[in-house]
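Visitor: TrEMBL lists these features:
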type	residues	note
ACT_SITE	A:Pro2	active site, schiff-base intermediate with DNA
ACT_SITE	A:Glu3	active site, proton donor
ACT_SITE	A:Lys53	active site, proton donor
ACT_SITE	A:Arg265	active site, proton donor
BINDING	A:His95, A:Arg113	DNA binding site
DOMAIN	A:2-116	domain 'Formamidopyrimidine-DNA glycosylase catalytic'
DOMAIN	A:241-275	domain 'FPG-type'
Amino acid sequence: MPELPEVETTRRKIEPLLLGRTILEVQHDAPHKYRDTHLAAGRRVTGLSRRGKYLMLHLAAAEAAHDQGADSPHDLEFIVHLGMTGGFRLEGGKHTRVTLRTDAGDLYFDDPRRFGKMAVVRPGEYAGMPTLAAMGPEPLSDDFREDFAALAAQAGAVKPWLLSQKPVSGVGNIYADESLWLAGLHPTQTRLTRDEAGRLYHAVRDVMGRAVEAGGSSLGKGEGNYRQHDGLSGLFQHAHNVYGKGGEPCPRCGTPIEKSVVAQRGTHHCPQCQPLRRETV
DNA sequence: CATCAATCCTGATCGC
DNA sequence: TGCGATCAGGATTGAT
């Protein structure tokens, strides 16, 4: 399930395949999921960026001057969300949903469960994408500061709060569980103290930083799992401490990891290391 | 406004 | 071994 580290890895991997290329055509059969992607035809990719779990191809007129190095101005953004199972491939297959035809070859978007979405918009016009419009700071940027403690002090259950993308961007189910374990916080803890918020801040940065370095997490053997465009796996799944490890001993204290459901998501935590602090009213 | 549940999807896995 | 039921979950929408 692509979260920030997987999307960032995807960005880095497909950048050399798309940068400077002209998109000739975008083929698909689901206009509702891939809105206005026909507008990309005839435009050149001048850069690839990422915001949270969203990938953006910067598009400019094909005849615009070819700047070297820095990203040149663009007048359209081709936004891609990988959903649960989306990913780019060098060859088409059974689950190819979108084909990007370029002047330097084709790139295929595979998405078995069809949760992925695309849209072409004017830069920054995210009215139709409320989560992107209200996106919190990048966890690995200087915009993410410990002053998020002020927000955390007012927050409801901490895991759903993280998953909302508002306090910080790019955290999904896997990295929420891993960050909360590292911070020693119960998934349903509310109204974090300053100390708790500080621990969570550092845990999110640590987990996300290491996961990006590892190329993200690749889980399971099935087709629907995250892979890089060349079929390579990320490595961070080997560093998971709690996700997918219900019943196994906590790496820190040996207590069996508990599996539960929080906010309709499979949730893993150590009852010993991550106790729920009762509100003292 | 905040919280919660339903919805979209289909391959993998589980239970009998 | 087969087959139906269940699980997985990010973002959005609708309900409370």
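From the backbone N, Cα and C atoms, a Cβ is placed for every residue, glycine too.
Have a look at these and tell me how they're positioned relative to everything else.
Guide: Taking a C-beta cut-off of under 8 angstroms and a sequence separation of 6 or more, A:Glu3 (active site, proton donor) has the following same-chain neighbours: A:Lys53, A:Gly170, A:Val171, A:Gly172, A:Asn173, A:Ile174, A:Tyr175, A:Ala211, A:Gly216.
Within the same chain, the residues at least 6 positions away from A:Arg265 (active site, proton donor) whose Cβ sits under 8 Å from its Cβ are A:Lys159, A:Leu163, A:Asn173, listed in sequence order. Taken residue by residue with DSSP, A:Arg265 (active site, proton donor) is part of a strand.
Taken as a whole, the domain 'FPG-type' (A:241-275) shows an average pLDDT of 94 in this prediction.
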Visitor: List the helix, strand and coil residue totals of the domain 'Formamidopyrimidine-DNA glycosylase catalytic' (A:2-116) as derived from DSSP.
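Guide: In the domain 'Formamidopyrimidine-DNA glycosylase catalytic' (A:2-116), the DSSP-based counts are 19 helix, 49 strand, 47 coil.
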Visitor: Would you kindly list the residues that approach the domain 'FPG-type' (A:241-275) from elsewhere in its chain, counting only those six or more residues past its ends and only Cβ-Cβ distances under 8 Å?
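Guide: Same-chain contacts beyond the ends: 157, 159-160, 163, 173-174, 177-178, 180-182, 184-188, 219.
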Visitor: Quick one: of A:Lys53, A:His95, A:Arg113, which of the recorded positions has the smallest count of other CB atoms within 10 A?
Guide: A:Arg113
Visitor: Please report the distance from the Cα of A:Pro2 (active site, schiff-base intermediate with DNA) to the Cα of A:His95 (DNA binding site), rounded to the nearest angstrom.
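Guide: Roughly 17 Å, rounded to the nearest whole number.
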